[in-house]
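So that you can see what the record holds, here are the features copied from TrEMBL:
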type     : residues                                                         : note
ACT_SITE : E1252                                                            : active site, proton acceptor
BINDING  : C11, C16, C19, C39                                               : [2Fe-2S] cluster 1 binding site
BINDING  : C79, C82, C114, C116                                             : [2Fe-2S] cluster 2 binding site
BINDING  : L210, V211, V212, G213, N214, T215, E216, V217, F290, L380, K396 : FAD binding site
BINDING  : Q759, F790, R903, A1070                                          : Mo-molybdopterin binding site
BINDING  : E794, R871, F905, T1001                                          : substrate binding site
DOMAIN   : 1-57                                                             : domain '2Fe-2S ferredoxin-type'
DOMAIN   : 182-390                                                          : domain 'FAD-binding PCMH-type'
Amino acid sequence: NLGLTGTKLGCAEGGCGACTVMISKYHPHLGRHHSVNSCLAPVCSLHHCAVTTVEGIGSVAGKLHPVQERIAMSHGSQCGFCTPGIVMSMYALLRNNPTPRMVDIEEAFQGNLCRCTGYRPILEGYKTFTTCRFQVNVLTVCCQGNILLPAPLYNPADFQPLDPTQEIIFPPELMSPTRLSFMGERVLWLQPASLDELLDLKARYPNAKLVVGNTEVGIEMKFKNLLYPVILAPSYIPELNTIEHTDLGIVFGASCSLTVLGDVLKTAVASLPTHQTGVLIAVLEQLRWFAGLQIRNVAVFFSMLTCSFCTSTHALSVSLSISLIICLYPSSLSLFSASRFPCSFSLSLLDFLAGPRVVVMDENFFPGYRRTILTPEEILLSVLIPYTSQYFAAYKQSPRREDDISIVTSGMSVTFAEGTAVVKEMALSYGGMAATTVLAKYTASGLLGKQWGEELLQDACASLAKEMTLHPSAPGGMVTYRRALTLSLFYKFYLTVQRKLAAEVKNACCYQVPRSPCEHSCPHPPLLPYSDLHLSLCLSFLGVCVCVSDQAVPEGQKEEDVVGRPMMHLSAMKQATGEAIYCDDIPLYENELHLCLITSTKAHARILSIDTSEADVMPGVVTCVLAKDIPGSNVTGPAFYDETVLADHTVTCVGHIIGAVVADTQAHAKRAASAVKVSYEDLQPVIITIQDAITHQSFYQPIRTLQRGDTKQGFTQADHVLEGEIYMGGQEHFYLETNATVAVPKGEDGEMELFVSTQAPAKTQALVAKALGVPANRVVVRVKRMGGGFGGKESRSTILSTVVAVAAHKLKRPVRCMLDRDEDMLVTGGRHPFYGQYKVGYMKSGKVVALKVTFYSNAGNSMDLSFSVSRALFHMENSYNIANVWGRGYPCKTNLPSNTAFRGFGGPQGMLVAESWINDVAQSLGLPTEQVRRLNLYKQGDTTPYSQILEHITLDRCWDECLETAHYKQRRAAVDQYNRNHRWTKRGLAIVPTKFGISFTALFLNQAAALVHIYTDGSVLLTHGGTEMGQGLHTKMVQVASRCLDIPTSKIHITETSTSTVPNTSPTAASASSDLNGAAVQCNAMHSVANPLLGRQHPDIILNPDPNLTLVAHLMPLFRRAFLRTPDLGYDFETNAGRAFNYFTYGVACSEVEIDCLTGSNTNLHTTIVMDVGNSLNPALDIGQVEGGFIQGVGLFTLEELKYSPQGYLFTRGPGMYKIPAFGDIPTDLTVSLLRDAPNQKAIFSSKAVGEPPLFLAASVFFAIKDAITAARAESGLSGPFRLDSPATPERIRNACEDRFTKMCPPALPGTFTPWAVTV
């Protein structure tokens, strides 16, 4: 209602940080300013708070705040949807600490995600706020090897200084909090001002929910549809915010946030003796990885203990027998707690009627998942965190180290008989091995009285393997991995204690761990516990060495000519201030309504009935939209009409759209949609996985085959032949802005205007018109910008737009819908999972002479664009010249939401299979992988399997420069030396090339158009067929027009992409948009019509000298359309003839990683990238695309994993369970170079496409991991090729590092159980 749209909604669960704002409130311990997730902050919780949004600190029209300016000028904003949240996280940090350390900045961003930039430019720009000044080392190496120093991407001297004295002061009227009582539509919110009042309210409402940060209740109410009619908010009660230092520990009030707790513990650790800080350090370590800072700023410790699944704090607490003190007010709670339990955590609680009681937090404390034995009448007053001298440690293993839910956690403690290493007491607790935290009682009791040594280790592992079991169908899956972790984590604890004993016991040599033959050698025992050692491996950006290499503009280029210069993204400033308008930011129309989808809960079923009666009478509901309401055709599809707008008789996937509810608010629509009852009759078969499709021969046609040479003869000639297979999982686009549409009926002739977040305005126009039963000329689709796309909004955005348009048509009122993150992930599909089988023939030298590959892709329940994913066949050899090749691709028809285009569009899958078999060839021969890859690289004039001759190839240059820049030989030697010296951590190194064809594989899409308007004041309005989704397309087009028109960029404006100005456009996809639209703009702008109003002489044009008149005598039209198509393209699979691609983009990357063999965790230590982008139109934007694509690829190959149930239900439907790379996942040492002196005559101003090609270079991380695993397997006597599927998650890494621990936890036999999740 305030029109403040800068704060964005990215996930609604506090996992992405797009909604970050700064809250200022009076607090006795916490800084007055802190960042929070506004999506989880109820308005009532802001009583006596000041809220600062991104609009409140600066604007383009006024003055940008330095925080906004620096992220924009350092090129840290691409799509911009995440930018306001990142800006506010940084701003909140600076309000409390104007001169932060780099580690403070990293911590501030733990709760923020970005899908576009790759994070480096954001950190680089904000590092200028620290005392460690930093500037990018810009370096270019030309083809002669000369070092060139072009202009930097930006100049930090241009940044305005930060002046903390100019910030808005804290409002003094907010320093005296008062009570609040607010009755909402369904919930009563009560904020008491005193402890007496809280106890009285708790007695009156025993089932009331106590809420401080709303980090759990908010999730439960939104995603689990739970309702808490009464909420008590005790945030401001003084007794619940006290902090007291006692002789036994530190007492924290129950409302103290985790941030407060962490700050106090850090101070205590710095000042207390070492023997007292063990528990404090362990808690701090777990806090560091618990959620993001926005969550820690409001969440409280007891919530962390009792609500967060499998946290290490659970396990740590149980291992130390934490006690809970439940008391009657006003007992002396802290003293009571301290006297009874001197060496344990104590939670002090109050009951209005009952007396105090003590509850030990053992395995009985959690009677069920997310439940405790506390009674409804009890409230928590304080928490005592004790000092202790026990030997103990806490561990957490999760898919992503930063802000992630744990897989398995453990807390372990041991006490020895005085002066000995004989176990006196021991506690081993685990989270993630049952619905609640469990104690390994049998194992612990069996170790009592034993000497700490090898025998104890053997007995403990054997016992744990028997005691810590899981059913093969256990929720969460990863059963073998979780069981192995129980042993691995104990082994870490064993080493930690072993080192401490060695340091403490006089005869230290008795406790040294031998190198051989025992497996647990650790050549250079660190001083820190093993868990802390791992932290040292997760090196922060504080130590990152960044070398970004752009290209110098040609000598003599005019200063006004911006082509080739690192011009800032045109919208960067607006994005940094929150003024950039996205689809859902459009102001509400009068009488506007909101829509929520009704989706299927069955993968394959017949619809028997749809009962909307309950929804129809719910508050705010206007109507339900079903298939019968579609005025035109219910048949739809982007390429093939094999889908329905709304399911009529049959559903073919979970998430199939059946209908929609339209209401006055989004909340009312969502609530009513969940009330619609659909009855089904299950149908068979239900095909979920690729293997299911193979079994049922469920494939879409055509099945493509590509062949060159004679593979039979090639295999005969080969010295060796090997066969293998690899599976590559899918990937969620996770654009920060979910799909959104606003449909506005115009009131006559069936006209409708749609504002859509889509990459394909023309396709959206066509399908909406088809559904409405009107000609396309009655529908206008407008796209201002998108908050990311990556291919996910090329075709699947239409499944929402058509439904919203039908609803708007039915009601003759504007209708709006922006999907929630969980809805978007459920219905839209993602990157195609692939299964590849290969047979390769090769010589003793490593030269590959024959290849046979079969691809199976999981296309989902419709064809969508899966025929174009046959691009995998065009990349089945990647960058290698093979004389005899045969490949076939099967698009599998399954009962999953239709998978679709995603950056690379089948190319990464095909190339990963190629790199897998060439890696196997090298391993089978015992040759260095880089030697085998280099031997097989394409050369100038070679011919591809699809009969295209390679011209102007730069693979060899990229390869050699990458080797040199990465210091590959020295790095290889260092890796080998490291691996010889370390048993349980290994390093790996890999160098991987890419060759990516540029053009749409669908011939008719290789065209574009542009429209130029020149106004009498000399300003230019430019429109083209491409859409802006963060890649900087509009910026590049303005640069092109500026050169062609020879005018400043300030005179050129692009307002939007619209079907009413440039019709019949191709989607913005396939990395071809700069080429196609740039050429169209060039063709248009170069026409002589541009000359007159730009100060040129033209005999037919005379401007009227009267400034009050706009008449122009003898004037030609001052606008022009231009159309362009890529010439000489066209490939025929049947004849294997024609030209498939206009040209190729080349690149090479070298990566070094380190893995933890015991847990599977990995760290990217180094990456060098050399990319051939021709003559870059804009080096800053192109480097941003290289880095962003690379980090997105790191997610694809090492982290992001979609989990489906055997029934086709998607478990991973938000950032809580689906993890994309975060700030902490970027390489510690990063070098990015754009190849110089490599002009491309096939594209605009000799440039090359850059959007998709860099993504596959992240496979260098995958194969570096595989190289490290190879070293680990060698320790167990294993050698030769082995299968590693993608992504290389910690689970897959750990299971591949076979050792004695994994052998104790064998997997269940396939077919003997129903898995929790399946490989689709």
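Including glycine, each Cβ sits where the backbone N, Cα and C put it.
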Residues flanking the substrate site, with Cβ no more than 8 Å from the Cβ centroid of E794, R871, F905, T1001 and excluding those residues themselves: G791, L865, S868, V869, A901, G906, F1000, A1002, A1069, A1070
Cα within 10 Å of E794 (substrate binding site) - qualifying binding-site residues among C16, C19, C114, E216, Q759: Q759
Close in space, distant in sequence - C39 ([2Fe-2S] cluster 1 binding site), Cβ under 8 Å, 6 or more apart: L9, C11, A12, E13, G14, C19, G218
Helix, strand and coil residues within the domain '2Fe-2S ferredoxin-type' (1-57) as assigned by DSSP: 10 helix, 13 strand, 34 coil
Around the Cβ of F290 (FAD binding site), the count of other Cβ atoms that are within 10 Å: 24
Close in space, distant in sequence - the residue listed as 'active site, proton acceptor', Cβ under 8 Å, 6 or more apart: R903, G904, F905, G907, F996, A1070, S1071, G1189
Annotated FAD contacts L210, V211, V212, G213, N214, T215, E216, V217, F290, L380, K396, maximal Cα-Cα distance (Å, integer): 28
R871 (substrate binding site) versus binding-site residues C79, C82, Q759, F790 - nearest by Cα: F790
Q759, F790, R903, A1070 excluded, remaining Cβ within 8 Å of their centroid (Mo-molybdopterin): G789, G791, G792, E794, A901, F902, F905, T1068, A1069, S1071, G1251, E1252
In sequence order, the binding-site residues (C82, C114, C116, L210, F290, K396) whose C-alpha falls within 10 A of F790 (Mo-molybdopterin binding site): C116
Spatially closest candidate among C82, L210, N214, F290, the listed binding-site residues, to T1001 (substrate binding site) (Cα to Cα): C82
Entry from the binding-site residues list N214, Q759, T1001 having the most other CB atoms no farther than 10 A: Q759
Entries of C82, C114, L210, V212 which, being binding-site residues, have CA atoms within 10 angstroms of C16 ([2Fe-2S] cluster 1 binding site): C82, C114
Candidate binding-site residues C79, C114, C116, Q759, pick with smallest Cα gap to N214 (FAD binding site): C114
